[in-house]
Amino acid sequence: MDIRPPPYRNGHPLHPERELKYKRWQDRFGNVQPVVPPSSESVRDVLARCRTVWRSDILPDLCEGKNVLVIAHGNSIRGMMQAIDGFNETLLADLEVPPCIPLVYRFERHPTAHLVSIQPECAVGVPAALRCEFLAEERELQRAQERTRRVSLQRYGLGPSTDIVVQRGYLPGLETNAASICASIGADFEWDGAVAETTPSDDVEISAAPYFAHDRGGGLPGLEANAAGKWSRLARLAGRERSASTPAAICSAPAIAQRTPMVVIIRHGKTEHNKLGLFTGWEDASLAPEGRKEATEAGQLLAAHGFSFDVVYTSWLSRAIETAWLVLAEIDCLWTPIHKSWRLNERMYGALTGLSKKRTRAQYGEKQFKLWRRSFDTAPPRVDSFSPHYPGNDQRYVQNVLDVRISLKETLVRSLAMGRLCIHRKLPRSESLKDCMERTIPYYVDVIEPAAIKAGKSVLISSSENAIRGLFMHLLSIPPERIAEIEIPNGLPMVYDVVEKRLRLLEGDPSQHNFGKGAELLFGRMRPDGSAHF
């Protein structure tokens, strides 16, 4: 409980103090409060910080009636369980928390306390002192716990050793990936910059000891398939082979570069609706394979230019959220806070939602089609109150949109239909481009600017085409009558300079992408060679 492992030495390349996530840690209110990570921790240290998170962050949410999802690690989940149940710490050693099996606590209000956990009627795989249950069949849970116990024993040299097969040789980011793995196996590593590449067809068999130094037990026993996945990102660390007696492999992490605040705006990757030419609006269409590829490549481009972010803003639509995730994964910033708002949603297309644009043009004529799609202040036909496309029938919006006024008409209609009073807010049944911008621009001005940009934070905004049009109309002073001339390509990061108040691309010229007839409104007048002239 109380013995800490040997601490990192000062300046060690793998010390967590070098990582941005700790330098830019933000509390639940968005205030940046850098933390000094420990050089080593005992189990009791972990329990103490988990109790703090339980009291300061999780318990207040539960008291507000929210359901909470916690995704963490073996020791931190044990610490959370002790904070909730208050059981004796001697129980911790025998408490196995297998990966990816949900562990559920249910709470009720008590007259003498804020919340009390409820004892489940039939909980398997947990000691009687715990008021929780695993969501798994008994045999499945027992197998998972036994597998977790076996892997734990192997980790400490009490199981058979395993050789690792590295597929397809060297990958970019070698030194960082190697550093992470070295930390996980307890070896001291330094990097000398030497890398021997292998051809894509090579399968390089690497025995842990000859190539990557001993751990402190004299070998690297028991690495299973999940570790092999990490090792597969490594090739030989140097052009010469290393002997089993080599005391340490050569590997260190690069220093973190300082950055200036910026705003990067990206439209989500393509969806199947985009490919089929459908009006999507608030319909929650997920990314197509091409869209995931676009988002991943956008992240790789940002990584190549040294970008990282302090905060992300996105809509409630999964295509924008997934795009943000894929971008953050490529720049190793998945820890970055993500703020989601319905005000960054795509324009609500009303009765056109889900319809083919080509068929709509043929049915209603080119003039009416353009009026609905491209005019600034003409909304498409509205959906009725009980349409599946109306956000008032989606519990996400009914329960969580609290920043719009009550609709007396919708309240009356729904109360009569339900036979009881149903308070309903004024959610859009259709939107013009103007309506969309009247919710998007104020969100940028009232939320993003004061909370992030004026605080000097670097910002990523992942959203949809019409919401981004609204942002550009505000940021670049584009006339309303011309905003519909602008097209926004999928999955292309665009950098807005908050000082010079202009937009730029990371690579290439605007002429290489489809920005529509109004490209000069975004990038200035275009030169004959396709570059922008401001």
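Glycine too: its Cβ is placed from the backbone N, Cα and C atoms.
Positions annotated as active site, tele-phosphohistidine intermediate by TrEMBL: His268. According to TrEMBL, the feature active site, proton donor/acceptor maps to Glu346. The feature substrate binding site is assigned by TrEMBL to 267-274, 280-281, Arg319, 346-349, Lys357, 373-374.
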What binding-site residues among Gly281, Arg347, Lys357 are found with a C-alpha within 10 angstroms of that of His268 (active site, tele-phosphohistidine intermediate)?
none
Identify which of the recorded positions His268, Lys270 has its Cβ surrounded by the largest number of other Cβ atoms within 10 Å, counting every protein chain shown.
His268
Can you give me the Cα-Cα distance between Lys357 (substrate binding site) and Glu346 (active site, proton donor/acceptor) in Å, rounded to a whole number?
16
A 10 Å Cβ contact count, applied to the binding-site residues Arg267, His273, Lys357: which residue has the minimum?
Lys357
Which same-chain residues, if any, lie at least 6 apart from Glu346 (active site, proton donor/acceptor) yet have Cβ under 8 Å of it:
Thr280, Gly281, Trp282, Ser315, Leu317, Cys436, Ser463, Ser464, Glu465, Asn466, Ala467
Cβ neighbour count (within 10 Å, all chains shown) around Arg347 (substrate binding site):
29
Cβ-Cβ neighbours of Gly281 (substrate binding site) (radius 10 Å):
27
